[in-house]
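One structure below.
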């Protein structure tokens with residue numbers, strides 16, 4: 001209780017400061033365990049909380065903390081300070097919390113300090129109480145820690161008028177039995193914690209029955225000598241009967257005999273104490289004390305924690321009998337290695353029993369019919385194994401509402417019998433056991449709160465007893481692969497299912513669980529596929545207060561490309577997840593593509609191109625069957641000329657005369673095409689038997705369909721032979737917009753190839769004819785000419 005109270009004061013002060021101040025790191029400075037030998041000089045003037053504990057500081061000067069005008073909490077415990085002048089804090093007017101415990105202080109010099117709420121001078125080397133008259137002005141003081149080896153009643157007078165919430169008094173190792181027994185009587189405090197010297201037989205006569213004290217804690221009690229029989233300590237406890245205000249008594253770190261331990265219990269039994277707690281006990285010797293007097297007690301709760309005992313030289317049933325027949329409402333025995341507990345000999349008033357962290361087995365309270373008033377039973381961390389036996393144990397506990405059997409080795413085997421629970425049970429904690437899916441066939445019918453986390457559950461069977469009253473279910477840290485739904489749990493409002501194997505949660509979960517007000521399902525290996533999309537959509541319709549940990553704890557685990565992605569950021573297109581829509585889209589796309597291709601074929605005259613390709617292919621196939629020498633002999637012309645009929649005047653009067661006068665053999669369609677052959681075949685033959693193909697380009701050319709065909713086959717021959725056999729003569733300029741779309745090859749050729757432009761000036765024509773003759777000049781064989 002002392003540590004809790006101490007912590008609460010610190011926590012409230014720090015919380016108050018954090019509310020009032022910004023949370024910037026410069027306000028909170030922690031230099032503990034840094035090996036410091038003096039107070040750091042680089043502290044910010046805004047420092048509010050300074051922790052320099054567990055260092056080697058031996059002195060504290062005004063200059064060390066002069067600049068820290070906003071300092072409220074200073075923790076300088078566990079250092080080597082021997083002398084302190086409290087005036088060093090005269091410039092720290094906001095200082096409220098000062099911890100100087102666990103130093104080597106032997107003397108202090110006082111100075112008026114009115115704002116301190118917490119002052120700890122305990123565990124130091126003072127000979128007398130370090131209380132001076134200036135302490136009397138600390139009207140806000142709530143905690144005072146002191147240490148001394150010499151106690152006098154007069155030392156307390158300066159602060160007797162102060163109402164201090166908690167006083168901690170540490171008595172030095174030289175404190176003895178000759179000290180003033182009334183030295184504590186002038187303390188005005190609600191809570192008093194006295195720490196006696198360690199490892200020293202208790203021979204003190206101090207009167208701890210301070211009239212204002214409601215909470216008393218005594219630490220370091222050693223009385224193991226048989227001749228002593230713990231008489232000194234028992235005398236101190238006996239005086240507590242004169243303090244009607246005392247309601248809480250705590251004993252820490254006790255080393256005594258079994259007889260003395262039971263005597264302590266017996267003595268406290270007849271005081272005004274309501275709550276009695278004993279912890280860290282070491283017991284030895286025999287137990288002869290058998291006749292425990294339970295009458296006339298005010299005690300409501302007894303707690304015994306962490307007991308170590310030598311080898312028992314007496315039947316343990318003596319102890320169990322004393323414990324089981326106690327006429328109190330709340331009884332706790334934990335960390336004692338207790339192996340059994342007897343059933344009370346008559347109807348017991350126990351309402352709350354806590355036997356956690358012991359060695360109890362399934363036989364505890366077997367066939368016990370005297371715990372009819374019991375409401376809460378805690379058996380966690382024991383040696384329980386068979387659930388059916390535990391359930392049977394509860395059948396005679398007609399008032400039992402809460403049962404905790406967590407952290408055992410409990411399992412359920414259907415072959416070993418059915419489960420019969422008390423009908424009154426409302427809350428059941430079976431976490432951290434080895435339970436499997438079968439547990440859902442062995443549950444109390446009226447259960448409201450069920451904790452099954454950290455077991456071996458893989459699924460919740462559909463054929464289970466309907467738990468219509470179940471409101472809270474915790475199945476975290478199992479191996480569940482889906483959210484359970486509320487078909488069998490119609491009242492379920494709280495579900496904890498984090499850290500399982502849920503990958504594809506059911507999309508209709510929220511529809512089936514209309515009463516859900518809190519669900520914690522994060523930290524599962526969600527597979528971000530189409531199936532998860534519906535679940536995520538349903539989450540968007542749920543309040544953020546319902547889904548705990550959303551969105552940070554809900555992440556994709558698969559596929560690898562999505563791993564680590566928050567579910568709220570995961571999206572898949574409707575098309576990829578809807579098969580029907582995908583098929584319709586594909587069919588529609590194919591139809592559109594078919595219509596488009598058909599239209600393009602019609603517009604670009606694709607059938608004609610196909611026919612021409614067939615003719616070209618047939619001609620080329622025939623040509624491949626002719627030997628190379630014969631192909632060379634077949635080269636009969638220097639050039640084939642393709643032109644529009646509208647340009648025939650220029651061809652016959654300009655082009656032919658200038659070429660043929662130099663002996664050039666020219667192929668013209670009106671004089672060299674073979675009658676009877678198809679026009680296409682004549683064109684192909686003429687192109688193949690010509691060294692070059694000359695095209696006379698003009699606006700008339702692009703309007704001629706046959707010119708188009710001739711250009712098409714010449715272009716094919718160009719790429720097939722890998723030669724440079726194409727010559728373009730631009731007779732008249734051709735605007736790009738006037739070239740039909742079907743002449744796309746002409747556009748391409750004009751963009752990529754150099755052409756000869758017919759000059760209008762006569763002076764330039766000589767060079768034109770020279771270039772043209774040079775381009776088509778080749779020596780034909782005599783046989784080819786013939």
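Yeah, the Cβs are placed from backbone N, Cα and C, and that goes for glycine too.
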For Swiss-Prot, the entry region 'Interaction with bacterial lipopeptide' belongs, out of 313-316, 317-320, 321-324, to 313-316
The residue range that Swiss-Prot labels transmembrane segment, out of 581-601, 602-622, 623-643, is 581-601
Per Swiss-Prot, the N-linked glycosylation site among 51, 248 is 51
With neighbours defined as other CB atoms within 10 A, the best-packed of the disulfide-bonded residues 223, 368 is 223
Other C-beta atoms within 10 angstroms of the C-beta of residue 419 (disulfide bond) total 19
DSSP says residue 223 (disulfide bond), in three-state terms, is strand
Whole-number Å distance separating the Cα atoms of residue 442 (disulfide bond) and residue 368 (disulfide bond) is 21
Most Cβ neighbours within 10 Å, among the disulfide-bonded residues 132, 343, goes to 343
Cβ proximity for residue 230 (disulfide bond), under 8 A, sequence spacing 6+, ordered by residue number, returns 202, 223, 256, 257, 260, 263, 264
Least Cβ-packed of the disulfide-bonded residues 110, 442 (other Cβ atoms within 10 Å) is 110
Rounded to a whole number of Å, the separation of the Cα atoms of residue 368 (disulfide bond) and residue 110 (disulfide bond) comes to 64
